[in-house]
């Protein structure tokens, strides 16, 4: 009996050692060693990229083929509705695939378990399941697809919320690394340099947005967006430098870069016909720059989904060091359920980008995330990011004061 137990323990330790070797190895080594969670995440990312390309092809080049499908004959809106329906159907198939994976891997905590093997392997079964789930939505009536389109608005909002929390958590983690006692003196110069560069880029970005998107005083909405962004940067800096908060210069500077980028994306999403958006009007024709911008935006969205999916730790509560050491011995490298949930909501998000957050909105070829709905989604996302960041700064102070009040009473 003891022999059998020792053999199983030895085999388990060998598997853990092999997993540790794969984890610490190169990117090529992770693929060469077959099915493992590090290789699997890249495969899931590739599947997600292919789904994005299929949705884009269905929107821009699939109208001729979609006309032959009898289910589309009663589609309201003519050709443009066909393109929108194609995007939503591909998105629904992608969502179903990752949602099935989410349900089947939720709660996985140990490597070499059955659910770990399902997540990291069984690729032949998945290569059958994924195309099947992609084809099924094309057999559904348009009413169901339109219902999914409405639900996808909420799912895409959840994705944006998860993404901004992940970005803010990364910024705070970077600041904590620089402020650690071991590296504080050595990194002080680098922190000041990075913060100064970030603030400089923010100021230059705001000036350029005034020049490009607010050429005269009649562009009141763009002037409001840009000016409010400048105010939010000042607000975040003031709160971060307050003596009771003392978060330093780095986090508000990096958050300033983030909100300036979101503001720029929001104004860029305004319809081409607007007189205040001269940059969009200048790129009205489809040229190589437009195509390259579309490809970069598509790849950026896939990379953002991938990086957010493997960042499940920012949504976990801190644990004791002993419990953390026990989990690290044979624990999963990232949350499988969370990973697939992010990709499922990401499937809804890329559908919203390709149709401009409006199921009745016609989209030009090689465009992504264009329309007034897209603009306001970006603007609200910017304001929400600032609110979440400020809450992360002041929440410890509020909780501390409440504890002190409770202890006194």
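Using the three backbone atoms N, Cα and C, a Cβ is placed for every residue, glycine included.
Tertiary proximity for the transmembrane segment (39-58) is limited to same-chain residues at least six positions away from its ends with a CB under 8 Å from its CB atoms, namely 30-31, 33, 66, 83, 86-87, 89-91, 93-94, 97-98, 101, 119-121, 123, 130, 134, 298-299, 301-302, 305-306, 309-310, 334, 339-340, 343, 346-347, 350-351, 354. Residues or ranges marked as transmembrane segment by TrEMBL: 39-58 (among others).
Summarising the annotation, TrEMBL assigns transmembrane segment to 86-107 (among others).
As annotated by TrEMBL, transmembrane segment applies to 127-147 (among others).
Under the heading transmembrane segment, TrEMBL lists 154-174 (among others).
Same-chain residues lying 6 or more positions outside the transmembrane segment (189-213) and placing a CB less than 8 Å from one of its CB atoms are 178, 219, 222-223, 226, 229-230, 233, 248-250, 253-254, 256-257, 260-261, 263-264, 267, 276-279. Annotation source TrEMBL lists transmembrane segment at 189-213 (among others).
Among the features that TrEMBL reports, transmembrane segment is placed at 220-241 (among others).
Same-chain residues lying 6+ beyond the ends of the transmembrane segment (247-267) with a Cβ under 8 Å from its Cβ atoms: 167-168, 171-172, 174-175, 178-179, 191-192, 194-196, 198-199, 201-202, 205-206, 209, 213, 222, 225-226, 229, 232-233, 236-237, 239-241, 277, 369, 374-376, 378-379, 381-382, 385-386, 389, 393. Residues annotated as transmembrane segment in TrEMBL: 247-267 (among others).
Per TrEMBL, transmembrane segment is recorded for 288-310 (among others).
When Cβ-Cβ distances below 8 Å are used as the criterion, the transmembrane segment (338-358) is approached by residues 41, 44, 48, 51-52, 55-56, 59, 84, 87-88, 90-92, 94-95, 98-99, 101-102, 105, 149, 151-153, 155-156, 158-160, 162, 269, 297, 301, 305, 308-310, 312, 315, 368-371, 373-374, 377 of the same chain, each at least six residues removed from its ends. Annotation comment: TrEMBL describes 338-358 (among others) as transmembrane segment.
According to TrEMBL, the feature transmembrane segment maps to 379-399 (among others).
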Criterion met for the transmembrane segment (379-399) and the transmembrane segment (86-107) (at least three Cβ pairs under 8 Å): no
